[in-house]
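Student: Take this structure first; my questions come after.
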């Protein structure tokens with residue numbers, strides 16, 4: 001019996017690489033281990049973003065801050081980021097990957113100081129998450145995974161651009177209104193822009 005044809009060798013290599021310590025997966029196909037690891041890191045980033053937004057939401061609902069539409073906005077963002085993490089978890093299972101959750105880092109601060117400061121931090125956070133998604137997309141492309149590329153484009157990348165634009169506009173408007181020096185600016189922004 002001669003050597004196996006190249007197509008059979010690739011198939012056997014694919015089956016061998018789809019097995020890990022938890023046992024074989026029957027659904028894994030064209031899903032590189034580097035992509036699987038990067039998705040796990042992205043899940044952590046999405047959960048971290050959700051955690052930061054949750055901190056912001058409850059900061060703005062404190063009785064000594066009382067900017068409830070800021071609170072509502074950031075609570076919505078927190079839920080959205082958690083949904084992003086869950087969507088990646090579902091993808092990981094669909095592709096035959098293994099979910100490896102990591103510790104979620106504490107937000108860098110507990111006191112968000114002002115609506116402007118929180119929006120500036122949110123803008124930086126969204127840019128960071130977006131860069132991580134772009135890096136994941138590049139990796140998927142390099143590994144020849146059109147399914148992952150399409151998934152990221154459909155469910156994440158377009159939405160990230162919209163979020164970055166929205167936050168950039170909010171920061172601009174708050175600065176133009178004189179926030180945070182003009183305390184009334186954040187109150188009016190809370191009532192009329194976020195309300």
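Using the three backbone atoms N, Cα and C, a Cβ is placed for every residue, glycine included.
TrEMBL: automatically predicted annotations, no manual curation.
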Student: Can you find which of 102, 160 TrEMBL lists as binding Fe cation at the same site as 46, 81, 84, 126?
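Tutor: For the Fe cation site that includes 46, 81, 84, 126, TrEMBL also lists 160.
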Student: Can you give me the residues near the recorded Fe cation site, meaning same chain, not 46, 81, 84, 126, 160 themselves, Cβ no more than 8 Å from the center of the site's Cβ atoms?
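Tutor: Counting only non-site residues, the set is 45, 49, 80, 129, 130, 133, 156, 159, 163.
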Student: How many other Cβ atoms sit within 10 Å of the Cβ of residue 126 (Fe cation binding site)?
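Tutor: There are 23 of them.
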Student: Should residue 46 (Fe cation binding site) be counted as helix, strand, or coil on the basis of DSSP?
Tutor: helix
Student: On the 0 to 100 pLDDT scale, where does the domain 'Ferritin-like diiron' (29-178) sit on average?
Tutor: 98
